[in-house]
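Trainee: Attaching a single structure in structure tokens format; questions to follow.
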Amino acid sequence: MAQPTQFGLQDAASPIMEELIHFHDHTLMAVLLISTLVLYIIITLMASKLFSTNLTDAQEIEMVWTIMPAVILIVIALPSLRILYLMDEISSPDLTVKTVGHQWYWTYEYSDFDNIGFDSYMLPTKDLDPGSFRLLEVDNRMVVPTGTLTRILVTADDVLHSWALPSLGIKTDAIPGRLTQASILVAHPGVYYGQCSEICGANHSFMPIVVEALPIRDFLPWILEMQDS
């Protein structure tokens, strides 16, 4: 999760987020090179009293400053399109979890199993354990296995919501009457925090998202326990 004074993105916990971080760094480097070149030209023109007539009418320069931006846009666009297709590609998921947004809590339903569904409310401050995160902890966490492709079906019961987990590289709008799908593949065990990212009313800030990733050997006993409860 994010730390105070943190400037970069959260550590990646899924392959998609790793790709997004690489693309972010790739694009930032292009922006840095462009900014440096433009700043150098501005300083040179301001500091020098010399003037070249080649700058007023030169077909070669016009071709360069027309072609270079197009090349830079292509270099940025191709990796972006690749990541977009990777994020939309959902083939043979191992697990499906339906996520329903309400004012102001989440409901999780495990469609592959019978009678596994629960509501997830934010824990009030007075009920927090020592070391827990205020405004981020919930009473029931969504649990997924590591190393398996999980399909997330997202919808809403009342108003627009947004199911977002930065460390997993997912942000999907929850729209009433519409079912949106996304996928996550958690690389290693851990607890990952997110929040609703769509202004949905007075308590918008109080419907956190918590996903706990367990190894498959621990996930199966949790499923059995939930079925028995």
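Glycine residues also receive a Cβ, built from the backbone N, Cα and C atoms like all the rest.
Unlike curated records, TrEMBL annotations are generated automatically.
Okay, so TrEMBL annotates it like this:
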DOMAIN    1-91  domain 'Cytochrome oxidase subunit II transmembrane region profile'
TRANSMEM  27-51  transmembrane segment
TRANSMEM  63-85  transmembrane segment
DOMAIN    92-225  domain 'Cytochrome oxidase subunit II copper A binding'
Trainee: Taking residues 6+ outside the transmembrane segment (27-51), which of them lie with a CB under 8 Å of any CB in it?
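Mentor: Contacts of the transmembrane segment (27-51) (Cβ under 8 Å, skipping residues fewer than 6 from its ends): 72, 75-76.
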Trainee: Report, as numbers and ranges, every residue of the chain located at least six residues beyond the transmembrane segment (63-85) whose Cβ falls under 8 Å of a Cβ in that stretch; write 'none' if there are none.
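Mentor: Beyond its ends, the transmembrane segment (63-85) has Cβ neighbours at 16, 19-20, 22-23, 26-27, 30, 34.
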Trainee: Could you break down the residues of the domain 'Cytochrome oxidase subunit II transmembrane region profile' (1-91) into DSSP helix, strand and coil, giving a count for each?
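Mentor: In the domain 'Cytochrome oxidase subunit II transmembrane region profile' (1-91), the DSSP-based counts are 66 helix, 0 strand, 25 coil.
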